[in-house]
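Per TrEMBL, these features apply:
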| type | residues | note |
| --- | --- | --- |
| BINDING | 253, 285, 350, 353, 354 | Na(+) binding site |
| DISULFID | 117-126 | disulfide bond |
| TRANSMEM | 29-53 | transmembrane segment |
| TRANSMEM | 74-105 | transmembrane segment |
| TRANSMEM | 170-187 | transmembrane segment |
| TRANSMEM | 199-222 | transmembrane segment |
| TRANSMEM | 242-264 | transmembrane segment |
| TRANSMEM | 284-303 | transmembrane segment |
| TRANSMEM | 338-358 | transmembrane segment |
| TRANSMEM | 379-404 | transmembrane segment |
| TRANSMEM | 410-433 | transmembrane segment |
| TRANSMEM | 454-475 | transmembrane segment |
| TRANSMEM | 487-509 | transmembrane segment |
């Protein structure tokens with residue numbers, strides 16, 4: 001972890017921004033080895049340039065995700081797009097933190113509850129030692145860790161699908177309520193409150209991951225997992241979904257397209273070196289992602305060896321990785337209960353900080369747009385967090401994992417790529433790369449180099465456009481295991497995704513219709529910075 005040499009309020013803002021990115025890096029979600037090549041490729045051509053762009057945009061204009069578009073008013077809708085996406089993600093992301101809290105409470109025992117099959121929630125299929133073959137019986141076998149997550153925590157066995165959710169479970173609801181209370185008191189006074197604990201919690205993930213790696217590489221089969229992580233499967237690289245997942249993960253890991261970077265950087269000093277911050281933070285993020293991959297695949301290799309199954313049968317994405325693979329890995333450590341407590345405290349700190357970033361994006365974005373809310377920040381923050389709590393209750397029912405999966409699939413997939421695409425086009429082609437470079441030079445005393453300007457104007461927009469088109473063309477409906485969602489559920493998911501994307505054309509139409517004058521004159525006005533509107537109307 002890099003500790004910037006700064007003091008006071010600016011230091012708090014840098015810490016928050018850096019820690020948000022670190023907590024969003026894929027410590028708990030890093031797909032198979034074929035993912036590594038497109039991930040690093042996109043990081044260089046799009047992730048870092050867009051990260052730099054958002055930091056500079058927020059710092060120069062001193063506004064949230066919507067307010068910064070005074071530089072080109074017709075694109076203000078993209079600000080509301082990213083605010084909506086952050087809000088939607090909050091609906092289900094807080095549930096992950098609630099699960100982590102539940103696991104934390106469950107870890108305060110002499111024996112971890114996911115190490116054997118003698119619990120009340122276990123099914124006859126539970127087996128700690130099972131070998132993979134093609135027989136019908138073995139295909140239904142499951143590990144104690146998997147059954148603890150799905151049957152002990154989620155109670156998935158009591159639901160037949162998304163149409164059979166049941167009532168919220170009081171245990172998870174209580175954990176979710178604790179998370180919401182912590183979020184509220186971390187946000188109600190603004191970013192000064194949330195930045196005070198960052199320096200203490202920022203190093204914990206690296207300590208825990210290092211311990212897990214040192215343990216992982218000593219286990220049988222670990223080297224096979226690491227070899228699989230570092231190997232490149234060129235056939236997998238031909239699959240569009242691998243590239244789409246890499247592009248989406250770049251947005252998640254760096255926080256690009258959620259309005260968080262814009263919101264946090266808007267509190268920086270005008271002369272803060274945002275270029276240095278962008279390079280340092282995005283580089284640490286990439287290294288953290290790469291490092292976490294070694295940890296994950298060392299244990300995946302061990303589990304593959306232990307259960308005598310192919311690695312691709314052990315590997316899983318989504319919440320199953322962090323709540324099934326990691327707990328089983330921790331159970332192999334001496335003093336496993338202690339390490340489980342430390343690990344889930346780490347997850348809580350990472351999760352809370354990411355959730356704070358998302359909520360701050362929503363709060364700052366709307367408060368900067370609707371100035372009267374500044375006087376009522378405490379009440380407005382309460383309204384936002386309570387709203388997310390009420391929606392999140394659907395995710396803590398017996399069938400809540402189906403709602404979670406639906407939200408995870410539609411809330412910030414194609415829509416986040418679309419939002420970043422429009423953002424890049426608005427800045428590079430309408431506001432102008434040269435003008436944007438002048439703004440940066442005014443702040444830090446140096447213009448962006450040719451590489452950054454080429455990426456902003458050509459490389460990043462082309463890459464994003466290609467990814468958006470491919471994601472629409474190769475869309476695959478969500479599923480959870482063998483469960484396939486009904487058509488009506490997919491329709492709800494698409495409505496959710498489209499609702500955020502339509503903010504762009506809807507606001508453009510609104511802006512065009514509310515300004516006086518002829519269509520041609522208005523068209524010229526709405527692509528000029530707001531500070532020039534008074535000159536135009538004279």
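Any Cβ shown, glycine's included, is placed from N, Cα and C.
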Cβ under 8 Å, sequence separation of at least 6 from the ends of the transmembrane segment (454-475): give me the contacting residues as numbers and ranges.
42, 45-46, 49-50, 53, 240-241, 243-244, 247, 413-414, 417-418, 420-421, 424-425, 427-429, 433, 436, 448
Inter-residue Cα distance where the pair is residue 285 (Na(+) binding site) and residue 126 (disulfide bond), in Å:
38
For the transmembrane segment (410-433), could you work out the same-chain residues 6 or more beyond its ends whose Cβ comes under 8 Å from its Cβ atoms?
50, 53-54, 57, 69, 71-72, 74-75, 78, 81-82, 85, 88-89, 91-92, 244, 247-248, 251-252, 256-258, 453, 456-457, 460-461, 464-465, 467-468, 471-472, 475, 478, 493-494, 496-498, 500-501, 504, 527, 529
Taking pairs 6 or more apart in sequence, does the count of Cβ pairs under 8 Å between the transmembrane segment (170-187) and the transmembrane segment (379-404) hit 3 or more?
yes
Where residue 117 (disulfide bond) and residue 350 (Na(+) binding site) are concerned, what is their Cα separation in Å, rounded?
30
Indicate whether residue 126 (disulfide bond) is helix, strand or coil by DSSP.
strand
Given a Cβ distance threshold of under 8 angstroms, which distant residues of the chain, six or more beyond its ends, lie next to the transmembrane segment (74-105)?
64-68, 153, 171-172, 175-176, 178-180, 183, 257-260, 319, 323, 327, 340-341, 344-345, 347-348, 351-352, 354-355, 358-359, 361-362, 365-366, 369, 384, 388-389, 391-392, 395-396, 400, 403-404, 407-408, 411-412, 415-416, 418-419, 422-423, 425-426, 430, 496, 499-501, 503-508, 511-512, 526-527
Would you mind ranking the recorded positions 117, 350 by how many other Cβ atoms sit within 10 Å of each Cβ and giving me the lowest?
117
Cβ-Cβ under 8 Å with the transmembrane segment (379-404): same-chain residues at least 6 beyond its ends:
87, 90-92, 94-95, 98, 150, 154-156, 158-162, 164-169, 172-173, 176-177, 180, 183-184, 187-188, 319, 359, 362-363, 366-367, 373, 480, 483, 485, 489
Inside 10 Å of the Cβ of residue 126 (disulfide bond), count up the other Cβ atoms and send me the figure.
20
Of these binding-site residues, 285, 354, which scores lowest on Cβ atoms within 10 Å?
285
Using a 10 Å radius around its CB, how many other CB atoms surround residue 253 (Na(+) binding site)?
25
Where does residue 117 (disulfide bond) sit in the DSSP three-state scheme?
coil
